[in-house]
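Novice: Pulled these features from TrEMBL for this protein:
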TRANSMEM  12-30  transmembrane segment
DOMAIN    17-464  domain 'Major facilitator superfamily (MFS) profile'
TRANSMEM  71-90  transmembrane segment
TRANSMEM  102-120  transmembrane segment
TRANSMEM  126-148  transmembrane segment
TRANSMEM  160-178  transmembrane segment
TRANSMEM  190-211  transmembrane segment
TRANSMEM  273-297  transmembrane segment
TRANSMEM  309-332  transmembrane segment
TRANSMEM  372-398  transmembrane segment
TRANSMEM  410-434  transmembrane segment
TRANSMEM  440-461  transmembrane segment
Amino acid sequence: MSAEKNNSKLNLYVFSCWILAAFGGLMFGYDIGISGGVSSMDDFLIKFFPNVYERKQHIQESNYCKYDDQYLQLFTSSLYLAALVASFFASKAATKLGRRNTMLMASIIFIAGAALSAAANNKVMLIFGRILFGIGVGFGNETVPLFLTEVAPIQHRGAVNILFQLFVTIGIFIANLVNFGTVNYHPNGWRMSLGFAAFPAGVLLIGCFVITDTPLSLVARGYEDQGKAALKKIRGVSDIEVEYQEIVMSVEQAKQVKHPYRNLTKPASIPPLVISILIQVFQQFTGINAIMFYAPVLFQTMGFKSNGSLLSSLITGLTNVAATCVAICVVDKVGRKKLLLQACCQMLISQVAIGVILAKSLTATGTLDRKLAAVVVLLVCTFVMAFAWSWGPLGWLIPSETFPLETRTAGFAFAVSTNMLFTAAIAQAFLTILCTMQAYTFFFFSAWIAFMGICAIFFLPETKGIPIDAMVERAWMQHPVWKKLF
């Protein structure tokens, strides 16, 4: 909005809208966290991947290669390939049916995925369950960040949007807790872990009958009176005429655009499109999902026993949640760009240090000294901490706030699909990369972190405090690189 602050008063209802919608992030996070733990459970491996289980039992098998199996990696990556395709359908649904109804669809499909995965008796059922999970994630990840950005007052927009990432981290932590509890329930502990994914989706499902759709979405679909009523409800005040008229004007401008995907090639949309795609690529090439997907496997590679590896994953998961809370507190004060650059320094140091320790001290068939193993866990925590207050939440915030309205859902669909594509690529390739490059895997990610820091310095504008409808004029047209397009 063009006003520097929305006329608003926080109330219980608007808090409920934020929290209930953010459960879409908890769905995504739970799946990230559950995959690695389930993949390391013996009962799961015996049933679906007996070759991996046999390899795991051989003492002389390489630490770096014991889990290298393309079908095991497909168990993780199939979800993200499905989410990639689904995000484009979700973009259309979010525009035509509204943000709330699209989140409702996401929750129903995700629950179906949880039921099929928990009941799986063969690889086909298992993979189809993962695909349903992926469609639910694609619809949820496309819609929830947009919903949170559009219902938030400008002065709290960064913090509210980061609730999505906070709930992703909470989902990861809860998944680690569940895995820690179910690992000893033989032979169906893995079924419990996968089936419990229905819980966050169930909360979102119920929440969709409580929350309102965004005023912008309602007005854009011709429900002006409901849009005005929704704006009064989420702002907690009756004096909303200025903001409402700005929404109406934005919608009228957006209606002039008949082909939003084609309009992504116009000057106003090229900078946010390029940055949104790059930030999603960079988010994955920090190495974060390689660590979070496969944390239990990774810690077992370092010599931890099964329970010890899950416990270490719990520690990193808790760190993830705590650091995301830091982001909520500082993002609208410190700004986006400073957080990204500080985190690049911290992540680079952590990844290089992990690589050096493993290269020097972890042989193919040995284990780490207990003290060194503890140091590695600490370094993983410092890495996760930096990511969680920067590239994690801002990877969703920046794309959701920088596109003009007429290309917002289309542009954000490209951001989500890029995230899913590279998440799937990392999930499918990481164990093979670890087997091939061994400790040098961490140097590979370090090089990417250095590169993304340089790109952030030269190509990313600061968007803190800029109304989303003024982003083109006040961010992109003022940037020394991007202003040349206008």
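Every residue, even glycine, has its Cβ placed from backbone N, Cα and C.
Please situate the listed features within the shown structure.
Specialist: Counting same-chain residues at least six beyond the ends of the transmembrane segment (71-90), those with a Cβ under 8 angstroms from any Cβ of the stretch are 31, 35-36, 39, 45, 48-49, 52, 102, 106, 123, 126-127, 130-135, 137-139, 141-143, 293, 413, 416-417, 420-421, 423-425, 427-432.
A Cβ distance under 8 Å defines the sequence-distant neighbours of the transmembrane segment (102-120), meaning residues of its chain 6+ beyond its ends; these are 21, 24, 27, 90, 93-94, 126, 128-140, 142-144, 147, 191-192, 194-198, 201-202, 204-205, 208.
Outside the transmembrane segment (126-148), and at least 6 residues removed from its termini, the chain residues within Cβ reach (under 8 Å) are 18, 21-22, 24-25, 27-28, 31, 48, 74-76, 78-87, 89-91, 93-94, 99-100, 102-103, 105-118, 120, 160-161, 163-164, 194, 197, 201, 204, 214, 396-397, 399-400, 408-409, 412-413, 416, 419-420.
With a cut-off of 8 Å between Cβ atoms, the residues of this chain six or more beyond the transmembrane segment (160-178) that come close are 18-19, 22-34, 37, 144-145, 148-149, 151-152, 192-193, 196, 200, 292, 295, 310, 313-314, 317-318, 320-321, 323-325, 327-328, 331, 388, 392-393, 395-397, 400-401.
Under 8 Å from some Cβ of the transmembrane segment (190-211) lie the Cβ atoms of residues 16-17, 20-21, 23-24, 26-27, 30-31, 34, 37-38, 41, 43-44, 100-101, 103-104, 106-108, 110-111, 113-115, 117-120, 129, 133, 136, 140, 171, 175, 178-179, 182, all in the same chain and six or more residues away from its ends.
Outside the transmembrane segment (410-434), and at least 6 residues removed from its termini, the chain residues within Cβ reach (under 8 Å) are 35, 64-65, 67-70, 72-74, 76-81, 83-85, 87-88, 90-91, 134, 137-138, 141-142, 145-146, 260-261, 263-264, 269, 272-273, 276-277, 279-281, 283-285, 289-290, 293-294, 297-298, 301, 395, 399-400, 403, 441, 444.
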Novice: How does the model score the domain 'Major facilitator superfamily (MFS) profile' (17-464) in terms of mean pLDDT?
Specialist: 86
